[in-house]
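Undergrad: These came from TrEMBL, pasted as-is:
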{"type": "ACT_SITE", "residues": "His68", "note": "active site"}
{"type": "ACT_SITE", "residues": "Asp119", "note": "active site"}
{"type": "ACT_SITE", "residues": "Glu128", "note": "active site"}
{"type": "DOMAIN", "residues": "28-140", "note": "domain 'Glycoside hydrolase family 9'"}
Amino acid sequence: MEIESEMKQQSRFRSISVFCGSSQGKKSNYQDDALQLGKELVDYILGSNPKNMSYMVGFGGKYPTQLHHRGSSIPSINVLPAKVDCQGGNNYYSSSNPNPNTHVGAIVGGPDVNDQFNDARSDYSHSEPTTYMNAAFVGTVAALLGQARTGSL
């Protein structure tokens, strides 16, 4: 396994574990640390990072514009009413232009181990949005909100 993939996987697992570790209902020895790590990860994803870039599409002034996502890279039927066949769709998908459809709220794979992010559709390991990234993020934000409401964060 290459280091980059390992680091990306660890980041996902940390986010998921923060969610799981902080939502068990009873206080544990590691809950405060898990919540602090969760807050740092959420802040990082939303732009508090060396690139000053949000990895959530549509959040903040600087975010990924070339998602590895077919639906985002093909023009809307409102813009291009003609049928787009497989070859025509591939022309849009392989373009280096920003996506014509903003996939608001999608979280991409993010930067490499050196905090570098290549906003390129072809770089799927960093520019592809996934449900497991968004799910872990939402779970972590829910845990943080729960703690904020009780005044313990």
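Placed from the backbone N, Cα and C atoms, the Cβ positions cover glycine too.
Remember, it's a predicted structure, so these values are computed and weren't measured experimentally.
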Undergrad: Inside 10 Å of the Cβ of Glu128 (active site), count up the other Cβ atoms and send me the figure.
TA: 16
Undergrad: Within its own chain, what residues at least 6 apart in sequence put their Cβ under 8 Å from the Cβ of Asp119 (active site), listed in sequence order?
TA: Pro64, Thr65, Gln66, Ser127
Undergrad: Rounded to an integer, what is the Cα-Cα distance in Å between Glu128 (active site) and His68 (active site)?
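TA: Rounded to a whole number, the Cα-Cα distance is 5 Å.
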Undergrad: Tell me the Cβ contacts of His68 (active site) under 8 Å, same chain only and six or more apart in sequence, or just say none.
TA: Arg121, Ser122, Asp123, Tyr124, Ser127, Glu128, Pro129
Undergrad: Using DSSP, would you call Asp119 (active site) helix, strand or coil?
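TA: Once the DSSP labels are grouped into three classes, Asp119 (active site) ends up as coil.
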Undergrad: Please work out the mean pLDDT for the residues of the domain 'Glycoside hydrolase family 9' (28-140).
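TA: Summarising the domain 'Glycoside hydrolase family 9' (28-140) by its mean pLDDT gives 87.
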